[in-house]
């Protein structure tokens, strides 16, 4: 209702403004130009009126003569002249003799206020419009005048339903945070022993491990006001806005103390200060300085706890990491097999599962998965089951979803020639056979396929039997041999090689260089780390101080050792495939026939056993369903709808 009143008032003001402008610009109201008496008399007595400007009419009001001058070239203009009372009669006679129309006007006795209002109305209108505009800017919807205010969102208990029961796989992090919540609920228990609540908690870990989910669980468990904001919300294009928002955020926190302020992706505002590149004033640095002062400055922020999350702790400024600002650092690592099983159980609470689904097997088959990956896996399995019109999600749906997540979606519509398919089959067979023959030092083969997935024409997938926390030199050398197996198989079978091994060579080169410069696995170089000073420029360190910490001689030795590791792996792969060429051909032929081989089938081929029978599952695409539905409708239109069989 208020909005309709504002709209009506606006229209009324616009109409009044239009009338005032029209009145002001009308011919009767345009001001006349004051001229000399001689000019007036000269234009009254003009003889050639069709050529020269002349007076066409005169309006006499008191002693003021307002006359219209008609110019054949430029049109009419309004002018006026003031005549003294002594010669008024003479002038009037002259005007009449020259046949000029004369009009007499009474003295204006109208009130002063109507005219004043008409002249003042445009100014009043502009002032009212400016007032309404400022009111709109300061209202809650626009936020245009409140860019210096914090954008933190205050979550209530009704808005957040996440608790620690919804968090699994990161028990140590939960324990650290539960202690802070216990302090908020019963501070006397800790204060009587001289303990104080941590001022800040920094959660660090890879993306997708559940840092933000933990923060939401804190909000659901703490029972105190919870402010949530992203690190990128502080910095704007206007200088000083970031620092203003930091001050406003902590002022709100003090009003609601005790409370928790969660800053997600704090690396966006807390990056390392330093020389860096470029000049000028850095708005992000000013925001960081204000954040440092608010967290631990002269003013006390008792009862305001900062919880921050980042997956780039290496870029944070040391001043923000010290005790007194972030007293506690919590590392949220990738979950182990038990953690993955717990996460699977959390995400499958609302998913109807088939009786064959085994969470332990799924957890063991997803090493390296984080919480976000597992959530995506469960969602993909549910979507696959729905496309097959199933009522429950079965184990095979999870397996197919896992292949899609790990290797990408199948591209069965891609047209591949028989020659390229045969080359791809031998390439992937080479990877799989070398991995199988070196299984003592490498991860077991999980699946081999020549169906294009993502950018690859084929894939050989290896999965460890258990979580691998470290890597031996034998394992690294075996990994190099497996990467070289595809190229070597092409060389043996076709006498040449293709670009399909490009990514394998890149991975092998990176691994070999890390073996030499980071892991100390070279007998020539020894257990020495090289390249430690080659950090990225954006960390805030001076660009000119970046240098290589080893000589040209050491660089040549590093290159020689990297080359030796790769050539030794190439020779080992050639030896294994040459000695087992018959098995290589059987693997390639089986791939050409079945397109995909699992671990059991690879074992059967290598052991010389007969391949087990299997039922192929093909997920119909939506285009296939549409095509089938059209064919069904077409058949019905030609032959009619079949009648149901009579019941017996």
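Using N, Cα and C of the backbone, Cβ positions are placed for all residues, glycine too.
Looking at 112-133, 134-155, 156-177, the range tied to transmembrane segment in TrEMBL is 112-133.
If you count neighbouring Cβ atoms within 10 Å for each of the binding-site residues 209, 212, the highest count belongs to 209. Closest to residue 205 (ATP binding site) in space, going by CA atoms and restricting to the recorded positions 427, 428, 431, 504, is 504.
Each of the binding-site residues 205, 206, 207, 208, 210 was scored by the number of other CB atoms within 10 A of its CB, and the lowest score belongs to 207. Using a 10 Å Cα-Cα cut-off around residue 504 (Zn(2+) binding site), the binding-site residues 206, 207, 209, 212 reduce to an empty set. Here the C-alpha separation of residue 207 (ATP binding site) and residue 427 (Zn(2+) binding site) works out to 33 Å. Across the domain 'AAA+ ATPase' (197-336), mean pLDDT in this model comes to 81.
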